[in-house]
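Taken verbatim from TrEMBL:
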- 27-87: domain 'HTH tetR-type' (DOMAIN)
- 50-69: DNA-binding region (DNA_BIND)
Amino acid sequence: MTNDVCTAIDLDTDDVNPPADHARCDAARREKIMGAATRSVVKYGYQATSMDRIAHGSGMSKKTVYRMFSSKQELFETLLREKLLRKEPQDLPLEGKNYADRLTRGICMLADDFLGTERISLMRAVIGELARHPEIGQFMEKYFATESKTYPMRVWLQELHDQNALKTDDITATADRLFGMTLGVLALGELTQCRPCLPKPERDAFIAESVRIFLSGAGPHAGGGL
């Protein structure tokens, strides 16, 4: 039995057997609901995104939506965690001929995901809601306070520090600086549309130069060049 069973039935019913297929179809339902919620938040904003609108956009009944998510708040917080704040690619090993090459390769892979169209659109929509809905900011602040240590960039810098390849007394602050020099400034340009979107080769070159500058101040040869 394959996932095709989920396309052969109405996902808005529970007419599926055996239990393993229930799990697969629940995953398909969940993804449809999350997709509809993302589209609605991007197009209409958080306030105008109702469970009715999500149900209609996903092709599910409101009963099915509530079976998967007990409230709009639970659905939206799941959306933030899994679509906006997600940590993928996780467990990405640092590979390369030297520290600069390793960090550059890793951050370029993160950029492919972080700067994707859907994620940037959702990011722009969420930022627009923060003033009207401070609870969104409170949720994100709490999330970062408990989860930031497992984000790839933070993990990589801890790994370099443990190898005596990074000079810092505060890994979190150092990761924030590296993020700002690379993904942060690139995301800001796309969010505000204040500069043209860089093609991937130019974006990767920008990241490589930013990493070089970063390591010139915090790397194993800080102050002496790379």
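Cβ coordinates are placed from backbone N, Cα and C, and glycine is handled just like the others.
Beyond the DNA-binding region (50-69), the same-chain residues lying 6 or more positions past its ends with a Cβ under 8 Å from any Cβ of the stretch are 11-12, 26, 29-30, 32-33, 35-37, 39-40, 44, 75, 78. Assigned with DSSP, the residues of the domain 'HTH tetR-type' (27-87) fall into helix, strand and coil as follows: 46 helix, 0 strand, 15 coil.
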